[in-house]
Amino acid sequence: MLKLLSLMVPLASAAVIHRRDANISAIASEWNSTSNSSSSLSLNRPAVHYSPEEGWMNDPNGLWYDAKEEDWHIYYQYYPDAPHWGLPLTWGHAVSKDLTVWDEQGVAFGPEFETAGAFSGSMVIDYNNTSGFFNSSTDPRQRVVAIWTLDYSGSETQQLSYSHDGGYTFTEYSDNPVLDIDSDAFRDPKVFWYQGEDSESEGNWVMTVAEADRFSVLIYSSPDLKNWTLESNFSREGYLGYNYECPGLVKVPYVKNTTYASAPGSNITSSGPLHPNSTVSFSNSSSIAWNASSVPLNITLSNSTLVDETSQLEEVGYAWVMIVSFNPGSILGGSGTEYFIGDFNGTHFEPLDKQTRFLDLGKDYYALQTFFNTPNEVDVLGIAWASNWQYANQVPTDPWRSSMSLVRNFTITEYNINSNTTALVLNSQPVLDFTSLRKNGTSYTLENLTLNSSSHEVLEFEDPTGVFEFSLEYSVNFTGIHNWVFTDLSLYFQGDKDSDEYLRLGYEANSKQFFLDRGHSNIPFVQENPFFTQRLSVSNPPSSNSSTFDVYGIVDRNIIELYFNNGTVTSTNTFFFSTGNNIGSIIVKSGVDDVYEIESLKVNQFYVD
């Protein structure tokens, strides 16, 4: 069963024109005077998925952690004047202490011209002042530089802006642009610091940026963020769609359980694929470290100091992951995000295989970006836009439009595709801080129940908030099914005010697929928009090649995130009920007898303080 991770850390008036020569502090002040960030949430607006109170939002940009103030910062594509995409497009800004509840900050910066866009980019912390933008008055932990795309007059170029106040206001670099290849499809730079394997190397900045309509991710290096050298390109890999967007390259922990045999004071042997290059000795130690195929591993023995047995240990190495979004042309229609697992030597990325891997198998998960840094400098955290360009401008919300996904923690793990094949996968788990959430008394557990067609279980919520988590473990008796019968386990998430509006999700044994039906709504958009796919499914193999399946879900008013098999498969989708019709009950049923057993169903409803 998947567990939520607790993070380990101690609008604008239509008359406002966001221009470079405008005073950004004044813009922020005016925004704050016309928007009450502490006001209660709209009835259908998500509570723990970030969304601006007003205006349009799309791709996440510039994610970083302020170690001085212990604040998390996200920026995003933002048009504050209407709930649809428009120009001038700016960078919005929000801050959080816990990655769960966000404080909206308004516009961080924007382009000079009203017909221009400050398109997507990233944020770095220039600790060592390689750019020369800072002096001793700015704490090294707050020396943030934004690298972003200016889209204007048929050209896309890369720009720099820097902040002297911890990311709240920005000054544009006077010698912009820092990269111009005479292209109208050259965008979305993601920058990180590359140190290399040699701890004595000076290191340098690395940028991935999309040459969108050529299906290329260009890889540049720089000593100072201002002067860039093209090193290589990663091109025409995986699923192309119409064009590449929002690339990113990140070093991700690789975690694998394997078998070891040992005795106190002696050598250790490992059966795993990432075993030591040479013999490793220890004496009553609870942890060791080794190198395997030049991949550093930090090993923690599962039985602490009692090591005189054969048991399991957790191998932790790393691999590099190239993330590429594409739009349109996803296999589900519209927007999609894929990734490649491989190796990076500072100039070139090489995937380990030709497998195309999709980051999320739902309809509403796009443009993932990872945080530049985290408190322990090991965790890889990221956030995506929870919408789809096929219909994002038309979804029935007002005065805001669209939300972000939950923050996720990423690791590379092994995944049983079927009983004979194991592959690597980018595993993801949601990050929420429960200290920001409180139960409202609705907590329900259902255990050891065999379903039949003549009865069903009903879970009633008290004072429905529309925000809850659920964890479902179930087993399937495959010997008792007929292939001509729709053999379902179904959960109906029904609206409290109108039960004709509901989500239906569950599993069908013949197809071995988990399904979601989001089409039962009275909202015209849901019924009439042909791109708002009503019925979706994902392959859901059992856990550890057994007959037991598990799914964890978070429902947040108009969005549902599903995590299968401890996060090896995910599906993120929006849904839309009538205003204020929060989910008030869950009905569990099956159309067949003695096929499904509910081993455990746990539901907790939350308020947000």
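We count from 1, first residue shown onward.
Each residue, glycine too, has its Cβ placed from N, Cα and C.
Features of the protein shown, as given by Swiss-Prot:
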type     : residues                                                                          : note
SIGNAL   : 1-14                                                                              : signal peptide
CARBOHYD : Asn32                                                                             : N-linked glycosylation site
CARBOHYD : Asn36                                                                             : N-linked glycosylation site
BINDING  : Trp56, Met57, Asn58, Asp59, Gln77, Phe119, Ser120, Arg187, Asp188, Glu245, Trp389 : substrate binding site
ACT_SITE : Asp59                                                                             : active site
CARBOHYD : Asn128                                                                            : N-linked glycosylation site
CARBOHYD : Asn135                                                                            : N-linked glycosylation site
CARBOHYD : Asn257                                                                            : N-linked glycosylation site
CARBOHYD : Asn291                                                                            : N-linked glycosylation site
CARBOHYD : Asn298                                                                            : N-linked glycosylation site
CARBOHYD : Asn303                                                                            : N-linked glycosylation site
CARBOHYD : Asn345                                                                            : N-linked glycosylation site
CARBOHYD : Asn420                                                                            : N-linked glycosylation site
CARBOHYD : Asn452                                                                            : N-linked glycosylation site
CARBOHYD : Asn566                                                                            : N-linked glycosylation site
Asn566 (N-linked glycosylation site) and Asp188 (substrate binding site), distance between Cα atoms, whole Å: 31
Inter-residue Cα distance where the pair is Asn345 (N-linked glycosylation site) and Gln77 (substrate binding site), in Å: 32
Lowest local Cβ density (other Cβ within 10 Å) among glycosylation sites: Asn128, Asn135, Asn345: Asn135
Three-class DSSP secondary structure - Asn452 (N-linked glycosylation site): coil
Maximal Cα-Cα distance (Å) across residues annotated as binding substrate, namely Trp56, Met57, Asn58, Asp59, Gln77, Phe119, Ser120, Arg187, Asp188, Glu245, Trp389: 20
Inter-residue C-alpha distance, Asn345 (N-linked glycosylation site) and Asp59 (active site) (nearest angstrom): 28
Minimum Cα separation from Asn420 (N-linked glycosylation site), reported as the residue among recorded positions Trp56, Ser120, Asn128, Asn135 that achieves it: Ser120
Rounded Cα separation (Å) that holds between Asn452 (N-linked glycosylation site) and Ser120 (substrate binding site): 51
Distance, Trp389 (substrate binding site) to Asn566 (N-linked glycosylation site) (CA atoms, angstrom): 29
